[in-house]
Amino acid sequence: MMDFLEEPIPGVGTYDDFNTIDWVREKSRDRDRHREITNKSKESTWALIHSVSDAFSGWLLMLLIGLLSGSLAGLIDISAHWMTDLKEGICTEGFWFNHEHCCWNSDHVTFEDRDKCPEWNSWSQLIISTDEGAFAYIVNYFMYVLWALLFAFLAVSLVKVFAPYACGSGIPEIKTILSGFIIRGYLGKWTLIIKTITLVLAVSSGLSLGKEGPLVHVACCCGNILCHCFNKYRKNEAKRREVLSAAAAAGVSVAFGAPIGGVLFSLEEVSYYFPLKTLWRSFFAALVAAFTLRSINPFGNSRLVLFYVEFHTPWHLFELVPFIVLGIFGGLWGALFIRTNIAWCRKRKTTQLGRYPVVEVLVVTAITAILAFPNEYTRMSTSELISELFNDCGLLDSSKLCDYENRFNTSKGGELPDRPAGVGVYSAMWQLALTLILKIVITIFTFGMKIPSGLFIPSMAVGAIAGRLLGVGMEQLAYYHHDWAIFNSWCSQGADCITPGLYAMVGAAACLGGVTRMTVSLVVIMFELTGGLEYIVPLMAAAMTSKWVADALGREGIYDAHIRLNGYPFLEAKEEFAHKTLAMDVMKPRRNDPLLTVLTQDSMTVEDVETVISETTYSGFPVVVSRESQRLVGFVLRRDLIISIENARKKQDGVVSTSIIYFTEHSPPMPPYTPPTLKLRNILDLSPFTVTDLTPMEIVVDIFRKLGLRQCLVTHNGRLLGIITKKDVLKHIAQMANQDPDSILFN
């Protein structure tokens, strides 16, 4: 008899699409590989060099991920900036210049009208040679809507034809993949190429979406593709997930220019398994990615983000009250958004609407563009809007938001005192109120369409508008009523007491926290964005308040809600299982079900095993001593069985349907003229996880969460009774929460 499995068979130990990996097996295989390399390193110099290169390969991979994701982020930023401006006009000096770069080199530009230069022509100037009058306005309006529709159509068509996985934000799926689920192609090269191109198109179309979430997906695609260059990561799914955790950190690092915030985001929001080694590597990848983006300098201001600001006025203790009010608003908006968006996405999945993604995207784009053009705050890109709202007004600002009446002679230390609002400020307040309503409504329908769409920027925009409105209100209250008890102790006349831009920043953090339920990483991202270390307390107060309010109205953040909507097998580590059920209540088979399908260790032929495989769809089978004793020997995976039998038929002489399969260490001597036996002990897992039938389900759920199990066998006095899979656990949790247990199954 041959034990042909002494040589590893290609394909054994790999997983099918839409299956969960076995974390315990993967970690064990990596330990064996590492032990072998360490032992060999003492034998020769070449083996020692191999050992060193193996240890260094992780850091080299992080360097490559940082360089690639930083470069792609810079490319996306520059392209999106140019294409956003293309909707309004074109540069005659060179069509590749965006509006700002076009006017930089102009000699005919004044400081007040720095956006106007003869080199930059609006579409009405190009088509009808004038920028004045109603007809010119209509031409510009028409071209704006036309470009928006063209960009959106290209984005949705490319996604539909080449890479259906490139749509959405990608973070719910990345959370699921990091928990051990396999979605082949989700992090592949086509997804990366199409997501990069369509992200630029989607952002440029003026839809209410951001590029920050999709940049995490782009960085994870880079990580997954680069893993194939290193054997250590290509062949081990658990090791690859450590790399993807670090890539997610690099993605947030380049999205916000916040390397530390990126590491914390990966730890708090997306990662399932995050050892200390991954923390250091995430930090290095985020650092390299941020450095690369800074070298490209996409915004031309030596900053990593478009809306970097610096505030100079300290905040006062009383201001915690309006900050907490903003936190409450953020929590309410977060809960409202999640409910309405999930209801709309469910409608899209269950009705005819889901069959027409191109029509849906074009309709939403047309509505957004038609409503956006008349209002300057909705017409500008959302990143520019946030930048303007965060801005602390100076003497030279020409924005309407800074149109105050100047009733003073001097300004000490560069700080401007609080001033009465002028006509421009009141006009801007009305426009911002309309912008707020449009953003709140349109974002609900935009997030989840079949184009790349992030949620960070629209959420921050909603909060920043609300914060700026409240900030200007507080500023005017302090100016006209500085003798009130709440102001007179700290705000004297002619002092700079209130910074409306700070309120916008706190509001942005509150709304983003309400939608995503981030806390620590959110605060760090916000102060890295703004460079305002002294404003950590207001940000913390707003972030915590928004989380408490949103949690009171609904337990799930937007990403967890989308995971549940799509039925991904994701076990949330943050939730407690509080029900008093036992393993025997959940295991299959139940009392009236047919018996559990098992294999015996030394009495089944190849034909018997192939019949079991063809008649069932299970991912694996328990192996027992005999059908009478039901004593457990181990567990074998369906995929490994199929590959091993096919391989044996090709390579081992004489293996036929009547050959007996052995899972034992030694096989008994066979009488002459019997076909050769097939020994498959090498593919048998001899230490499958088992629990007894009386184990409380809260312990079983904990084991599944903390060890990342696919399945767990249930025994009674050593006899096999049944099996609990990850899907059984998820179904049981849904049942206990009075939800439809079949709704959690991935389709």
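A Cβ is built for glycine as well, from the same backbone N, Cα and C atoms used for every other residue.
Just so you know, TrEMBL annotations are computer predictions that nobody has curated.
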Annotated stretch (transmembrane segment, per TrEMBL) among the listed ranges 428-448, 533-553: 428-448
Integer average pLDDT (0 to 100) for the domain 'CBS' (587-651): 87
Selection from 134-156, 243-267, 455-474, 502-527, the stretch that has most Cβ pairs under 8 A to the transmembrane segment (56-76): 243-267
Stretch-level contact, the transmembrane segment (190-209) and the transmembrane segment (317-338), CB cutoff 8 A, at least 3 pairs: no
Contact between the transmembrane segment (243-267) and the transmembrane segment (428-448) (3 or more Cβ pairs under 8 Å, separation 6+): no
Contact call for the transmembrane segment (134-156) against the transmembrane segment (358-375), three or more Cβ pairs under 8 Å: yes
CB contact flag for the transmembrane segment (455-474) and the transmembrane segment (317-338), at least three pairs under 8 A: yes
Selection from 317-338, 358-375, 428-448, the stretch that has most Cβ pairs under 8 A to the transmembrane segment (502-527): 317-338
Sequence-remote partners of the transmembrane segment (317-338) [C-beta within less than 8 Å, at least six residues beyond its ends]: 440, 443-444, 459, 462-463, 466-467, 470-471, 474, 486-487, 490, 498, 503, 506-507, 509-517, 537-538, 541-554, 556-558, 561
